[in-house]
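Database features (TrEMBL):
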BINDING   B:GLU171, B:ARG217, B:HIS442, B:ARG483  L-aspartate binding site
BINDING   B:ARG217, B:ASP218, B:GLU219, B:GLN226, B:GLU476, B:GLY528, B:PHE529, B:ASP530, B:ARG531  ATP binding site
DOMAIN    B:138-549  domain 'Aminoacyl-transfer RNA synthetases class-II family profile'
REGION    B:195-198  region 'Aspartate'
Protein chains: 2
Amino acid sequence: MHRTHTCGELRSQHIGETVTLSGWVQTVRDKGGLIWIDVRDRFGITQLLIENDADTAEKARELGREYVIKATGTVVERTAKNPNIPTGEIEVKLSDLTILNASKVPPFKIEDETDGGEDLRMKYRYLDIRRNPVREKLELRAKVAREIRNYLSDEQFVEVETPVLIKSTPEGARDFLVPSRMNPGQFYALPQSPQTFKQLLMVAGMDRYFQIVKCFRDEDLRADRQPEFTQIDCEMAFVERDDILAMFEGLIKHLFKTVKGVDLTEFPHLDYADAMKYYGSDKPDTRFEMKFVELNDVAQNKGFKVFDSAEVVLAINAAGCADYTRKQLDQLTDWVKRPQIGAKGLVYVKCNADGSFKSSVDKFYSQEDLKAWADKAGAKAGDLLLVLSGDLDHTRKAMCELRLEMGERLGLRDRNTFSTLWVVNFPLLEKDEETGHYHAMHHPFTSALPEDSEKLVSAPQEARANAYDMVINGVEVGGGSIRIHDKTEQSQMFDALGFTPEEAKAQFGFLLDAFEYGAPPHGGIAFGFDRLCALFGGVDSIRDFIAFPKNTSGRDVMIDAPSPAGDEQLKELAIQLKK
Amino acid sequence: MHRTHTCGELRSQHIGETVTLSGWVQTVRDKGGLIWIDVRDRFGITQLLIENDADTAEKARELGREYVIKATGTVVERTAKNPNIPTGEIEVKLSDLTILNASKVPPFKIEDETDGGEDLRMKYRYLDIRRNPVREKLELRAKVAREIRNYLSDEQFVEVETPVLIKSTPEGARDFLVPSRMNPGQFYALPQSPQTFKQLLMVAGMDRYFQIVKCFRDEDLRADRQPEFTQIDCEMAFVERDDILAMFEGLIKHLFKTVKGVDLTEFPHLDYADAMKYYGSDKPDTRFEMKFVELNDVAQNKGFKVFDSAEVVLAINAAGCADYTRKQLDQLTDWVKRPQIGAKGLVYVKCNADGSFKSSVDKFYSQEDLKAWADKAGAKAGDLLLVLSGDLDHTRKAMCELRLEMGERLGLRDRNTFSTLWVVNFPLLEKDEETGHYHAMHHPFTSALPEDSEKLVSAPQEARANAYDMVINGVEVGGGSIRIHDKTEQSQMFDALGFTPEEAKAQFGFLLDAFEYGAPPHGGIAFGFDRLCALFGGVDSIRDFIAFPKNTSGRDVMIDAPSPAGDEQLKELAIQLKK
């Protein structure tokens, strides 16, 4: 071993011991007779001292940033202690110094606040990871994974590895394909999720399955998506919905407790319909209230055409914002009119301290009218009502964004506060407005709520799914459903989706076959592990929770992949580039 | 929850309780007034009893094998107890029975000893996994994985996920390629191992890395290989060889202790040269001795041309086998002459009880000659010497097989005995006899032994690698090396391998770049996880330790993958089938 201790280990109790440390040179300060070197490894930084030792001093003068050294000496008490680092009580007075490896000058500083831009950091990711903020995120990820495994294993879940080389499905437009050399002209696909395999494991009697597993999706990448991502994939047999919610609420509580020291309270259940009604989103940020209030009955038919012709008039109450200036209100109006939000305008009502109201629509509404709005919205003197109108879907969407923006401005979205909930009772089917066909909102094996099972035949569009999402601070961290295990219900589902029995067989043959041999009632959930880690880390981007991420073009700029293949390789795989 | 207890949980302490069980029907025994049902889940089997209950009896008569049921009743003491199962003290007298799902008659019996052949079991893998022997292997695998993570995490290793979509390397003839839709004409490769990434993580200062990770190799599959397999991949910084051996010897001891309750003793170190000399293999089965003895000096130049012209004359001593019959010896001779073994013949010497010798070469050798052989081989009265001759490589190889065969016949290869060792000091380079070029025996980043570092320039063929394999019971379970971290040594290695600096740059560019920025001394090891699990499970085949394995053509016969891709899919990927 090239060390006796790590660079984060020595304390005043070690004073007098002879030690050897190895690590990277952070800084060298040369004061002539005295030279100090800060040496760094994953575990910390220790100060080395060279005093009255010309040979060692000479070697030290060769050192540059990020040189790798091995240093032997005696632990001594520091004259000037540094209370900011755990090793700040001591320094090591060197008797020997060896350069294990030189380093070119790194392209950016290996410090918490670096001067390296995103592109440079990604190209030299192996240097970026030396920085504390990145390394700590990878360590956090490992810790979260370990605690997930502890909890689920203790609950008798078995971690089973499912295949990575699987079958492409006809609807798998976003599948990565892998040509098979041994089966020319044929292709594997990489899994978008292990969904079918986990259901097969339930048919196989594994009872409780989980896996922390890479999944793949070949899609145009939004800013914070990756072509390969990691899921916590889980499934249980012989359960009903609330068994699953309790189990995985328990998992997340365990993680918050063990990883962050935070005790979460019970997760409320929120109907999908209510989530949309009060927050305009199926993943509401519930760290703050500011629920939508519908003003149709008090705001319509008073002569203001914009409202009169609207499907819905929605308000939120920004508490304490009555003192917003004209400029601030104009700026907010511009904000909601941006194409990303798409509102046509913004109506406001200031609830003045003296009990009067000042609004942007004073010529249409009396003080009594505005008081009725304020009463309905629970607004008090000093508050500001913000009102949007239009068709239901767009208005909800725009108001959702406005609510989040106001929450942000009012400091109501603290990253160290965690508000959790289950959104339940999603619609089972979505109608494709263009084709008029129904799609499964989750997937075609999601069951209807028991009380809605008749509707699958009589009124499919009204049937609610026995599906659930876990939402924390406005982020959908996981979702799942109770699956269909009954043949009749499965046929009804395929009917509703417009599949002929032959089409269903072609797409889902082996799973349907398996279901003929005694499928138990079962259900499950999958969590986005990268996203969950980011939530724990208190940041928005998943990028730094992945050791070697890809950019928005799906490229790894460090290793320069993907890249052209050799003719010989393609020939072996029985494929060629499209001419 | 569709149950209050699992089918493996009830004991006499539960007598009198009302319980609900769910599971699969194993058997139904209908004695008219009394019906017994054995219901099974992952956790065990419980006997259900229907007595004086016409309604429930009627339902029970609908049941077939593998029906899924939910049964409620009272736990009662059995009149005829079954000491062979943990629930054998009790049965559940039913008050209610629900069929949760019907089942077709399964294509083979869901019992420990099944009537299903390999092909049928693979096609219906979800039924095969319901069988105890398969399910227990998957559970064992999960347990081994958990203990690996416990040990390594406690030793401050960080589990880091490395990418699955990486860059194809020019020598990656066995790479699976993945066309990139977003980068037309370009391909990712699936990793054969995370070797370069783990070395980058050492440059990145992660200090101790591990990962239990899927790897991929598109090669013609031998009986017991899989195109996707799992490695325990590990790397450490600032270490020397013996630090790594101690750490991972500790890991394997921990696994044997926690998973099998076996205390292993210290692993001996065996030189590669000695392994070849005494066992003819770099992965010797050391559960038994029977080492090779070279007889050249006592067997040559006595007029037996076969031996005189041979490069080597090797013997093993099969203790207690002097009573082998003519027939047995002929059969053994035929065995070594099979093409798989390739020996030209087999010479034997029986060490008779009376002190005389009987050999197949009596006309060339006197009793004194044969006594000299026996003395040299340590053979006593009652033993049998088996002798092969020829060129060194082939004779060692054939003798290795013969030794293993004799060990098997003599019952010396007990699956519950574990003999472990480290094979060390492998040759650094192998010469390709056809081209005369050297290849790296491990990979081009493996360092030479410190004492052989000069030889890399002066006599490359004599340089030994700082590489090591862990061998248990004749199985190479893991291997690794101390890597090169010094630029000069790396250049010398590339020189020895016949790479120009440009070629080295083209193949290993980003890793060589990284090494310019302060690479620490480092080394690591990788274990074959599937194989390790099979060893723990006491069987030879890895197949049943993989939930959904592929056959020797790389096909998953259950899901029927790989399969043809749609024209539209290929077009999107900018490839077409080779005309």
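Here the Cβ of each residue, glycine as well, is placed from N, Cα and C on the backbone.
Feature map: annotations from TrEMBL on the structure.
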| residue | record | DSSP class |
| --- | --- | --- |
| B:ARG217 | L-aspartate binding site | coil |
| B:HIS442 | L-aspartate binding site | coil |
| B:GLU476 | ATP binding site | strand |
| B:ARG483 | L-aspartate binding site | strand |
| B:PHE529 | ATP binding site | helix |
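For chain A, the nearby binding-site residues by a Cβ gap under 8 A number none, drawn from B:HIS442, B:GLU476, B:ARG483, B:PHE529, B:ARG531. Note: the region 'Aspartate' (B:195-198) comprises 4 helix, 0 strand, 0 coil (DSSP; helix = H, G, I, strand = E, B). Local packing around the Cβ, expressed as the count of other Cβ atoms within 10 angstroms, is greatest for B:GLU476 among the binding-site residues B:GLU219, B:GLU476.
Closest to B:GLU476 (ATP binding site) by Cα-Cα distance, out of the binding-site residues B:ARG217, B:HIS442, B:ARG483, is B:HIS442. Checked against B:PHE529 (ATP binding site) by C-alpha proximity, the binding-site residues B:ARG217, B:HIS442, B:ARG483 yield B:ARG217 as the nearest. In sequence order, B:PHE426, B:ALA465, B:ALA467, B:GLY479, B:SER481 are the residues of the chain that are 6 or more apart from B:HIS442 (L-aspartate binding site) and have a CB within less than 8 Å of its CB. For the domain 'Aminoacyl-transfer RNA synthetases class-II family profile' (B:138-549), the mean pLDDT of the prediction comes to 94. A separation of roughly 27 Å, to the nearest angstrom, links the Cα atoms of B:GLU219 (ATP binding site) and B:ARG483 (L-aspartate binding site). One residue stands out among the binding-site residues B:ARG217, B:ARG483, B:ARG531 for having the most other Cβ atoms within 10 Å of its Cβ: B:ARG483. Each residue contributes its Cα atom, and for B:ARG483 (L-aspartate binding site) and B:ARG531 (ATP binding site) these two points are 25 Å apart. Of the recorded residues, B:ARG217 (L-aspartate binding site) and B:ARG531 (ATP binding site) place their C-alpha atoms 16 Å from one another.
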